[in-house]
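Heads up: the structure comes next, in structure tokens.
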Amino acid sequence: MAPQLDAYFKSVDDLSSNFVERLSQAVAIPSISAEDERRPDVVKMGHFLKKQLEDLGAHMEARELGQQPHKEHLTLPPAIIGRYPAKKDESKRTVLVYGHYDVQPANLSDGWNTEPFKLTVDEQGRMYGRGSTDDKGPVLGWVNAIEAHQKAGVEFPVNLLMCFEGMEEYGSEGLDDFIIQECKPGKFFEDADVCCISDNYWLGTKKPCLTYGLRGCSYYSIEISGPGQDLHSGVYGGTAHEPMTDLVRVMASLVDEEGNILIPGIKELVAPVTEEEKEVYKNIDFTMDNLYESLGSKTGLFESKERTLMGRWRFPSLSLHGVEGAFSAPGAKTVIPAKVTGKFSIRTVPNMEPADVDELVFKYVNDVFAKLKTKNKLNVSLQHAGKWWVASPNHPNFTAAAKAVERVWGVKPDLTREGGSIPVTLTFEQATGKNVLLLPMGSSTDAAHSINEKLDKRNYIEGTKLLGSYLHYIAEEPMDQ
Ligand SMILES: [Zn+2]
């Protein structure tokens, strides 16, 4: 039976100006995790969130995560965790939700049209401000959903467990171990039945989506060195092996101009595309013009949207990022750099195990370098690796969310994957052993991490309805999987 949601929806509409005010207060706290001097603001934001939820009767705790690795003089902002209702209702399911209350840096001088830490709503209902869509709007969506239930006198359908962190934009320092600990028997998150993360975006601007996959990322360095110091080409050009010459040849051998990874064995690790999967791609609301608009050019690799989306989501890609130690300034300096470090990464997909990828990369780079017969030295290494994640979109967690989307937005959501990574997703899946759903609130034009970040008021208010509706549908979705 479809849940009764009309009273809840009306309550959200009635409270909408309070909800915008709540977001405005949150945006006004510049909780930038990457800037040392803003750390008190990050902590202040965590306590603001805690207080908002306590005022609604939730049981909340601010858990310390220790000192910041590599910046030991800084204390990490607390994980704000909580439970609503404060006392568990054993007759109901338990949903664990995650979000983050820190934001990316922002300055008016970066090119913002409005003060980044003052929520500014234009006549089209676009709410500009740092953190509006990433991720304060979605986090407050959960708070709003609780309040709207109370005001409407509608019983809250589940036990809600909350995990809000303050270091997401700086690598989620300290969080992985904390989550793993708290998911153990007898700990705070032990009884989660499903997980939900609202911290990504629709593929476009019109149609909501549910996200069931993310690519991983393995990031490498190739260091090539020879001479004891930088040399002058007028004196030493033509007399010595040059590190830059070697590096360019090695880097050029990694990927071709059509985006094919040239490292033997990589292709063989990729799960084959199924017929069923091809069908899914056909119906996704995305056009080549969407790509061209976001690229700012027509330099796409493929002609079709299906192949383009597969290129972004379900095939690996290799990107060359830069060269440390190279002469990159303007002008015509005749230097021969003594040591250069090339950087590249591979976005990984099922079934590429990071350790297998490393082995193939190291072997190939060493082989290519050996063929150069240079007297320079090579050192290839992994900087960091995060694994890909793919969930089953047929799990009740997803079917419940799809019903909620249809109820609120009147359309079936697209099932999407993303080309990027949200590492905490995999942590929650592994630590709880439960299904994780990515349920976005904002749209593709929100400019998270960029200047003029915004969240459309419609996405915020309907998004609050969506989060609440999802809880009702997940409360009653048959769950025999
Ligand atoms: Zn985010």
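Using the three backbone atoms N, Cα and C, a Cβ is placed for every residue, glycine included.
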Mn(2+) 2 binding, same site as HIS100, ASP199 - TrEMBL member from ASP55, ASP134, ASP176, ASP230 = ASP134
Task = Taking TrEMBL at its word that ASP134, HIS449 bind Mn(2+) 1, choose the one of GLU165, GLU169, GLU418, GLU477 listed for that site.
result = GLU169
Request  = Could you look at SER304, SER381, SER421 and say which one TrEMBL places alongside ASP199, HIS232, THR334, ARG347, HIS449 in the substrate site?
outcome  = SER421
Request  = Look at the binding-site residues HIS100, ARG347 and tell me which residue has the greatest number of other C-beta atoms within 10 angstroms of its C-beta.
outcome  = HIS100
Inquiry  = I'd like the number of other C-beta atoms within 10 A of the C-beta of SER421 (substrate binding site), please.
reply    = 18
Key: Mn(2+) 1 site, defined by ASP134, GLU169, HIS449: further same-chain residues with Cβ within 8 Å of the Cβ centre   = VAL103, GLN104, GLY131, ASP135, GLU168, ALA448, GLU453
Query = Should we count any of the recorded positions ASP102, GLU169, THR334, ARG347 as near ligand 1, judged by a CB under 6 A from one of its atoms, and which?
reply = none
Ask   = Beyond HIS100, ASP134, ASP199, what residues of that chain have CB atoms within 8 A of the centre of the Mn(2+) 2 site's CB atoms?
value = GLY99, ASP135, PRO138, VAL139, GLU168, GLU169, ALA448
Ask   = Hey, how far is GLU168 (active site, proton acceptor) from HIS100 (Mn(2+) 2 binding site), Cα to Cα, in Å?
value = 6
Remark   = Within 10 A of the CB of ASP199 (Mn(2+) 2 binding site), the number of other CB atoms across every chain shown is 23
